[in-house]
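Peer 1: Before I ask anything, let me first share the structure, which is written out below as structure tokens.
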Amino acid sequence: TSGLLENMALPMFMFAGGAIGNLIAIIVLSVSRQERKSSAFYTLVCGLAVTDLLGTCLASPLTIANYLDQRVLTYPQVCEFHSFLLLFFGITGLSIICAMAAERYLAICCPYAYQRWGVDRRFAQRFLFFIYINHILFCCLPMMGMARSVLQPSRTWCFIDWRTDEPVPAAYSVLYGVVSLLLILGTIVLNLAVCGALLLMRRRTVQGPVTRASVRQRWRALSSAAETQMIAVLVMTSVVVLACSAPLVVRMFANRFMLKDDPTADLAAIRIASVNPILDPWIYILLRRSLFRRLISLSRHGSSTRSGSSPSPQTNLFYPQLMTDGTVFDQLVCNASLQDSLTAHKKNIIKNWEGSTTTTFLRRVQVDLEPSSCLLQSQTGHFRQE
């Protein structure tokens, strides 16, 4: 009895940690401010928390029941279902974290495409639904005869037979590994692109002249509490998900292309993957915006103390009412609208020049440029004192 309790201690602890942590994370995300709940990024974060919670609540009870009765996973239907759960929640977590990285990349590096595609909460919900449906069909293929689920040598978990010599099951195991590897590489590349864009903008801000308030204000918006928290949550979650998922992907290729079997390494890989739902929610819980506001205020206070000047309030470039929760995307769109307006009036000026006398032309120019002048004054009046 004591040996049974010792064996069950680890899966029961992982089950309790994953379930309680993800429930707290979902509650924290649900009670957040309305603008956060309506954003695409936090919709994907909440989707990842729900996915981790479902994976923990569905897969862990089967593992615990198998410790109580080792005949549980010997039933073919139960073994196939357990294998489906591990396949589905493994690749779904990678897909959602890759979607989070892609959302941040579009918001920071491609704001016009971000607006044109209408990336918002509904878009993220539809994309999550697409991920779930697509991966359910993909992970149901072993049940349809494309691969075979087997009880692994440790007799504590089921997975696809990745050592088979049959061409179709072997092709499926390789396909699953390739898709997982592409998601991992895509997440890494997108995260590097986002961080590189932020560092490049920071370099331009430091090296540029002091009078360039536009670059300085845009960097302030990028380094606001909201944007900083999003990047921190993305980077930390990516590190955890990739570190937990990579060993299983490596073992899939090793079992497929290497002749030597290593059941101990396979068991270690699946246990590391099972730690992922336990660590993910604490990233959302610990990296709350209130904590980031305190950290950023402390950093700004320290920098202002070293420079001998008080910190300037954080305002956006064209809309002062958009404070720290505003995004750079709003500023870029407003800047673009001003530029398009001036371009249109420039074309009208050239058109009015043809066939007009000097007096008539000057009157038309005055009428034509009046809206742009008012727009420019209203958008730039608040930082003229600089």
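Here the Cβ of each residue, glycine as well, is placed from N, Cα and C on the backbone.
From TrEMBL, here are the annotated features:
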- 21-284: domain 'G-protein coupled receptors family 1 profile' (DOMAIN)
- 12-29: transmembrane segment (TRANSMEM)
- 41-64: transmembrane segment (TRANSMEM)
- 84-106: transmembrane segment (TRANSMEM)
- 127-147: transmembrane segment (TRANSMEM)
- 174-200: transmembrane segment (TRANSMEM)
- 221-248: transmembrane segment (TRANSMEM)
- 268-287: transmembrane segment (TRANSMEM)
Peer 1: Could you pull out which residues elsewhere in the chain have a CB under 8 Å from any CB of the transmembrane segment (41-64), counting only those six or more residues past its ends?
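Peer 2: For the transmembrane segment (41-64), the nonlocal Cβ contacts are 8, 11-12, 14-15, 18-19, 22-23, 25-26, 29-30, 32, 72-73, 78, 81-82, 85-86, 88-89, 92-93, 96-97, 99-100, 103-104, 107, 121, 124-125, 127-128, 156-157, 230, 233-234, 237, 274, 276-278, 280-281, 284.
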Peer 1: Under a Cβ pair cut-off of under 8 Å, which of the recorded stretches 12-29, 84-106, 174-200 contacts the transmembrane segment (268-287) most often?
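Peer 2: So the stretch in question is 12-29.
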Peer 1: Please report, as numbers and ranges, the same-chain residues at least 6 past the borders of the transmembrane segment (84-106) whose CB is under 8 Å from any CB of it.
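Peer 2: Same-chain contacts beyond the flanks: 40-41, 44-45, 47-48, 51-52, 54-55, 58-59, 62, 113-114, 117, 119, 124, 127-128, 131-132, 135-136, 138-140, 142-143, 149, 157-160, 176, 179-180, 183-184, 186-187, 190-191, 193-194, 230-231, 234, 237-238, 241-242, 245, 248, 270, 273, 276.
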Peer 1: Let me know the model's mean pLDDT on the domain 'G-protein coupled receptors family 1 profile' (21-284).
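Peer 2: Its mean pLDDT is 88.
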